[in-house]
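The transmembrane segment annotation in TrEMBL covers A:89-106, A:112-132, A:144-161, A:173-196, A:208-229, A:241-261, A:282-303, A:323-346, A:367-387, A:393-421, A:433-454, A:460-485 (among others). The feature domain 'Cation/H+ exchanger transmembrane' is assigned by TrEMBL to A:93-486. Per TrEMBL, domain 'Sodium/hydrogen exchanger regulatory region' is recorded for A:583-675. Residues or ranges marked as compositional bias 'Polar residues' by TrEMBL: A:710-731.
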Amino acid sequence: MAVLGPGPARFWSGFTMVLLMLLIVLILTGSSWTRDVLTGHNDTWREPSPATQEDHDPDQHNGTNSANHRKAFPVLAFNYGHVRKPFEISLWILLALLMKLGFHIIPRVSHIVPESCLLIFVGLLVGGVIKAMNEKAPVLDSKLFFLYLLPPIILDAGYFLPIRAFTENMGTILVFAVVGTLWNAFFIGGMMFAVCQIEAAQVSHVDLLSCLLFGSIISAVDPVAVLAVFEEIHINELLHILVFGESLLNDAVTVVLYHLFEEFSHAGTVTARDAFLGVVSFFVVSLGGILAGVIYGILGAFTSRFTSHSRVIEPLFVFLYSYMAYLSAEVFHLSGIMSLIACGVIMRPYVEANISHKSYTTIKYFLKMWSSVSETLIFIFLGVSTVEGPHNWNWIFVIFTLILCLLSRVLGVVGLTFIINKFRIVKLTKKDQFIVAYGGLRGAIAFSLGFLLTDNEMKHMFLTAIITVIFFTVFVQGMTIRPLVELLAVKRKKESKGSINEEIHTQFLDHLLTGIEDICGHYGHHHWKDKLNRFNKTYVKKWLIAGERYNEPQLISFYNKLEMKQALMLVESGSAAKLPAVVSAVSAQNIQHQREAAPQRTIPRLSKTREAEIRKILRANLQNTRQKLRSYSRHDLFMDPCEDDMSEVRFRRQRVEMERRMSHYLTVPAKRQETPSVRKVWFEPEHKVYTYDDSESPGGGAIQLKLRPSDTSLLDESPQSTDRSPAPQSEDQSERQKPSRCLSDPGPNEDEEGSSFFLS
Amino acid sequence: MGATQTRFEHDHQDLVEKTGFSVEQIQNLHKRFQQLSGNEETISREHLKSIPALANNPIRMQIIEAFFDKRNQHGNELGSYEEIGFEEFLMVMSHFRPPTLRTTTEEKEAMRKEKVRFLFNMHDTDGDGKITLAEYRKVVEELLSKSGTIEQEAARAIADAAMLEVASTNVPNMGPDDFYEGITFEHFEQILKDLEMESRMHIRFLDVNTTKVHCGK
């Protein structure tokens, strides 16, 4: 992000932003005004009488035209009603996105105030402007929210859910989600009923069931708000997954409680049988939702197995299957959120093994984009709806709601943690409990659920209280959580560098702990995880992953991904064109065993597919100019070095390190005596960009790419390869070609041999 | 009955102090030990090899070997035993205890060091205090050994890359002729710093008598 100069530059850019925003708001309101003006005109053209066919219109037009003088042919016409709806929708989205841009131009504000607060504030402004013009503003309609705005956010969250952390803490998360939400709902509902009995409040007409309904609406922690706030504070993974997982899984409880109390608030009483059915319904809703998600997930994974010939539509399958999962769950009043999460989680490992690299990037970016837009819109609309009203402010009701929400959250978390810690190995400390309690933010889901209630006086009061709580949590808690986190020195998220040593040892540890558990003789957590993995490997992967890749061990795929990333990084840094003198090189020679015979340098060799891929990447990208790296502020795309917010120095250092590694990967020894000829293979001479500089290589020898084909199919594209004499070794023959997910999808300037790289 | 009970507990009191397990946990582990050893005093490698559940584990031999490694007994001896008794068994198991709420930061640090040391000993098979390239390669090969295809080349490439990574993070200014002998314990600790061993390397030891204990045969 360009660093703005101080003073005038920032002032002017801020000023232009404000102007732009005003312009958009004016257009929006102006459009509704002109709409009204035009409606009169349009109606005269269109049929005022009831039974009209459309083909009468041209007749009328013609009739009217011929009746009057012949008008000049309209060179420029104005027909706004035709495009009104998409036009306004686009303007709203544009406004939202310009807001987002604007915040990051003003750095100081965006550091203190979380984005969600600013967005609500903007929504308030816009709502105020619209109200001042006596227009009706669009409200956060429940249908709009639940069907269009919420799914992208949840899909984004579910698809990129950190599975390991989630499953390790599943018990804790479930307890918080289910028991915690139930406790919240009943405590708030019950206490509010007690409060309503106070004469001074004048709300004694609110009965118990309505209070419980209100309690169930307001009790749920909201995933959108949690994501928005926690995203920016980079807290450690355990706490993040606890709060976030809770916000996702409590959806089932909320759905059941809401429908339960809504049904019964009409009926008036609750019998024991109804309560029992409610419990059963909870299991049906949650398990049914998960089942729906799993089915669609498997379908999606299975479909992706066959997409090797139409790579461009691969991302669409992911999105559509997930959306269908959500909608199908909503049809049966099952938990749509859990369905969506289950679909994403199930689908992801198999789909990622099948799809091309570009599709993977597309999915990642589209999900982030949609969820970002959705979230922005939600907060803005929340602001607008607040101004719109109608409100029914009741001091006692609202204040007590607020206090009770906080109180019940704290009590719930502390009480539950006390019980949970007896079963957890890694206990939750007081600091952790505080953050979990403080992170219980309410958001737009509560508002939309409240909006769905039948329209009456009580509903307005409820809505007012809900909005107040949302504002309090988002503004006060959202703004103060960052300084609190720093004050309490809570552990932050550690930067995962994708180290291969860590990966090796993570796997090693898994097997070690499983083995120790087996020796101890009890079937613990690791044992079942190991069993699941083996089941997955032997049966499921065979069906859902295309080609030979299903038995690729995880370590190898991790390693391949890492190499790919490094190759891409190297290329995009633009330094592929020349290899500078590497000053401090830890060469592969340094780690070899010196006692081995000198010609037998056992330096890491790339497998053929790796070499081919890297060559292909380099070739395809060498012509590009050096890309500017931008920071990606919202929703960090983790594990993506290219998007990191790098300073120049750090980048340069990384580049040097990268080149070092690259040079080692490309250094090939004269390994065996049986292949005396070491070919120097240059990249396509016609490109003439890539040169190897002999004098600067660390090992003293030329940096060469040696291709030893046992399968020449991969290397057909380079003209030099055809006359290469294959010198297969017994090792090479046993080495299977691992086709890798990569760049085999057709791009705009791709050679046709692109497809030959993919062995399916 | 009461007398034997207290004598049993008394015998194990020093074990409680040495290993940090509770008396119930020691009793459970003792029962398991009896099962594995067929009610004898010591167990040998064959006893552990015959556990059926271990058969699918790719690093089975390393795990078994770790039990017989003298370095894991908190002494200063090297080499390995032929057979181990209950005390040695328990000492190895004590490496997998989790930290509690009351564990202080220094104790956590010491625990972490101990666990990392255990892992280091598992990799450093010849006991020279360094993990050489050959040893590291063996580790990766073993990890991949049960995964179907034996990709020796890939295993080597991975091990070499990992070694390079260790070398470049720990000794950034090596000249082209310097030789990186092997991963020392300090370097090993460094690369595993982010994994937070004290919270990850543990299993749940049962306090109560469980009927889930299966026969070793």
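Using N, Cα and C of the backbone, Cβ positions are placed for all residues, glycine too.
Scored on C-beta pairs under 8 angstroms, the neighbour of the transmembrane segment (A:323-346) with the top count among A:241-261, A:282-303, A:393-421, A:433-454 is A:282-303. If you count C-beta pairs under 8 angstroms between the transmembrane segment (A:144-161) and each of A:112-132, A:367-387, A:433-454, the highest count goes to A:367-387. Averaged over the domain 'Sodium/hydrogen exchanger regulatory region' (A:583-675), the predicted model has a pLDDT of 46. Between the transmembrane segment (A:393-421) and the transmembrane segment (A:367-387), the number of CB pairs under 8 angstroms, six or more residues apart, is fewer than three, so the stretches are not in contact. At the 8 Å Cβ cutoff, the transmembrane segment (A:433-454) and the transmembrane segment (A:241-261) share at least 3 close pairs (sequence separation 6 or more) and count as touching. Distant neighbours of the transmembrane segment (A:112-132): 21, 25, 28-29, 95-96, 99-100, 103, 225, 228-229, 232, 375-376, 379-388, 471, 474-475, 478-479, 482, 634; these residues of the same chain sit at least 6 beyond its ends, with a Cβ under 8 Å from one of its Cβ atoms.
Note on the transmembrane segment (A:460-485): residues 112-114, 116-117, 120, 203, 214, 217-218, 225, 228-229, 232-233, 235, 382, 385-386, 389-394, 397-398, 401-402, 405, 435, 438-444, 446-447, 450-451, 453, 492 of its chain, located 6 or more positions outside it, place their CB under 8 angstroms from a CB of the stretch.
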